[in-house]
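Notes follow the structure.
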Ligand SMILES: Cc1cc2nc3c(=O)[nH]c(=O)nc-3n(C[C@H](O)[C@H](O)[C@H](O)COP(=O)(O)O)c2cc1C
Ligand SMILES: CCCCCCC(=O)C(=O)O
């Protein structure tokens, strides 16, 4: 497969996707200032390599919340993979598991979490247990939310990633222009079917798995995180933390890890690039919980910059979707291979023996003068 980098997979994906669906995947909120900022901010950070360290070939593996990862790159949750490829989340799960990469499976997946887990198990090397986490939009109906959590637990998910940047849906003008507000006939949010509860928006049939049933509620609060902590033993990761006070509150509320994220620029436009927020969040949590980061990670060098600024691992959203659309399971595998090879090369060139070896001394700004 002749894809030189993640960008070439986006081009390939764009060529095969329905333009309306491409816009859904690529787009962001309003003027898409944050979408652009996420990538641009990485380009403003320079790397200054150390030399003659005899570091040998780097080992790329890392561990987050007890999950062993073959590299510090995970798959962020992205909804509706069936829009990208008929094999959908099944293909994504196989590619991630085969690569030893943690997949954060979206609550709004178009394949049920049990089937995603089964595919991951089939693909994991040597029968190892694959690393699968579950992303949750807490629904105001707690009975319904609990039923989803139980499904994720029973399927073998090892952490709950609670998305907290979505008290409402961001304004996606591309989707408005395209009049794209529903999944096509035959596609459903398979995790939402046939669950108990009354809190789903009533569309005249509670168990349909229809995306319009999902409630993004401004009433969700720290009390819901405390409630989740009571009903589940799984580690809780908050996804969408950008303010240092919230990072502190998360630690005080017993959250296990934070995912520094602006939802890939799809929620509040003009939020700053995540890589620019990472240092202030790292300062706030003082190493008390692991930090993850997503938003604009497209190169192995981006991963190193995030590690140097305090992340334990990074995650990608759109790149996996581009791989899936371009070539199904093989395309997602190619994206992961590219990032692995780039990270290996960049660590070697920086004189680092492992991700844990990366420190802020490697960083500068691209604009001089430098000290
Ligand atoms: C098409 C698409 C669907 C997404 N769906 C979800 C979702 O269901 N839940 C969620 O928490 N984040 C969702 N996200 C946000 C991603 O988890 C992630 O934060 C973001 O994509 C990272 O930025 P990147 O695409 O630049 O890598 C979605 C992003 C995209 C592009
Ligand atoms: C009404 C729920 C729509 C959420 C869509 C999934 C998501 O987070 C995203 O596209 O971004």
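Every residue number used here counts from 1 along the chain in the order it is shown.
From the backbone N, Cα and C atoms, a Cβ is placed for every residue, glycine too.
Note that the structure is predicted; figures quoted are calculated from it, not measured.
Taken straight from TrEMBL:
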- 1-368: domain 'FMN hydroxy acid dehydrogenase' (DOMAIN)
- 24, 137, 263, 266: glyoxylate binding site (BINDING)
- 77, 78, 79, 135, 163, 239, 261, 294, 295, 296, 297, 298, 317, 318: FMN binding site (BINDING)
- 263: active site, proton acceptor (ACT_SITE)
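Location within the structure of each feature annotated in TrEMBL.
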residue	record	DSSP (3 states)
24	glyoxylate binding site	helix
77	FMN binding site	coil
137	glyoxylate binding site	coil
261	FMN binding site	coil
266	glyoxylate binding site	coil
295	FMN binding site	coil
317	FMN binding site	coil
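Less than 6 Å separates the Cβ from ligand 1 in the case of 77, 263, drawn from the binding-site residues 77, 137, 263 in sequence order. In terms of Cα spacing, the binding-site residues 79, 295, 297, 317 that come within 10 Å of residue 263 (glyoxylate binding site) are 295, 317. Neighbours of residue 317 (FMN binding site), defined as other CB atoms within 10 A of its CB across all chains, total 22. Within the set of binding-site residues 24, 77, 163, 295, no residue has a CB atom less than 6 Å from any atom of ligand 2. With the fewest other C-beta atoms within 10 Å around its C-beta, 79 stands out among the binding-site residues 79, 297. Take the Cα of residue 163 (FMN binding site) and measure to each of the binding-site residues 24, 137, 266: the nearest one is 137. The separation of residue 297 (FMN binding site) from residue 24 (glyoxylate binding site), Cα to Cα, is 19 Å. When Cβ atoms from all protein chains are considered, those within 10 Å of residue 163 (FMN binding site) total 23, not counting its own. Around the Cβ of residue 261 (FMN binding site), the same chain contributes 76, 165, 239, 240, 241, 242, 274, 293, 294, 295, 315, each under 8 angstroms and 6 or more positions distant in sequence. A straight line from the CA of residue 266 (glyoxylate binding site) to the CA of residue 77 (FMN binding site) spans 13 Å.
Here the Cα atom of residue 137 (glyoxylate binding site) is found 11 Å from that of residue 77 (FMN binding site).
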